[in-house]
Amino acid sequence: MRTAVCKGKITVVIDFYHLEKYTNKQYLVFRSVKPLLIHSEVGDKWTVVEDGTNSSDVAIQLQYSVRVSCRETFYGPQCSRECEPRDYEFGHYNCSSDGTKVCLPGWTGLACMQAVCRDGCKGTCDKPFGCDNCIYGWTGSNCDVCQTSATCVHGYCHKPHQCICYNKWGGKDCDKDEDFCLHKKPCLNGGTCHNRNNDFFCVCAPGFTGRVCDIRNCHHMCKNGGKCIHFGNSSSECLCPAKYKGQFCERRECIFT
């Protein structure tokens, strides 16, 4: 005989009837009434109970066993731990043999309600192995890219709101150009740039002049007394004297007499 979980005192009543063959009536011939005090905890141990009667009319020998067990979803020696497998908004877990909650893959927490995010995710996730909501100061698909300070111009960061300057930039916000030549490359037409304090100067290639070597220098190119003229659009040309022509006044005009 197996009972549901119980504590304290129970009474087991077993009735024996005799069925009259010709009248088909039942007669109670013996009733076993056994008060039992359940001391044992839940387990595989059975308690053996014996009873019976031996009279001139009937002889009955009764033996049965009683064991304490937990109802379904209850665990532990006193059936005090409840665990029912779940996989919905109020939990995502199975139950071990002792009623401990075992989270399903991708879930954690006391009731297995917290999703496990992707490795390296600096944020939260609504579903397992996602990365949906970056914490403040982080961005990117995995929330692992830090954001520099709001005023940082030419810098990067290892953690949020830093401003570590790139090469040749300085200042709190990395907005001070420490190498104008490298970053701007202002000198044209093969000119060589040199930094000077917070400024620069260009050494122009032969044939060019101007602050950034943008003007063609024709002074040494105009021949036969030609004059080099510079225009506002950074171009120049030779103004030839009478009797000469060509780009550099190199050709004498033919005069017919």
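The backbone N, Cα and C atoms fix where each Cβ goes, glycine too.
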| message | Tell me which of Cys204, Cys228 TrEMBL records as disulfide-bonded to Cys218. | response | Cys228
| task | Could you tell me which of Cys70, Cys95 is bonded to Cys79 by a disulfide, according to TrEMBL? | result | Cys70
| Compared by Cα position, which of the disulfide-bonded residues Cys83, Cys103, Cys112, Cys213, Cys218 is the closest one to Cys240 (disulfide bond)? | Cys218
| field | Closest of Cys79, Cys103, Cys112, Cys249 to Cys95 (disulfide bond), Cα positions, disulfide-bonded residues only | value | Cys103
| field | Same-chain residue ranges lying at least 6 outside the domain 'EGF-like' (177-214) that approach it to Cβ under 8 Å | value | 167-170, 221, 234
| said: As a quick check of your reading of DSSP, tell me how many residues in the domain 'DSL' (68-112) are helical, how many are strand and how many are coil. | reply: 0 helix, 17 strand, 28 coil
| request: Could you tell me which three-state DSSP class Cys228 (disulfide bond) falls into? | output: strand
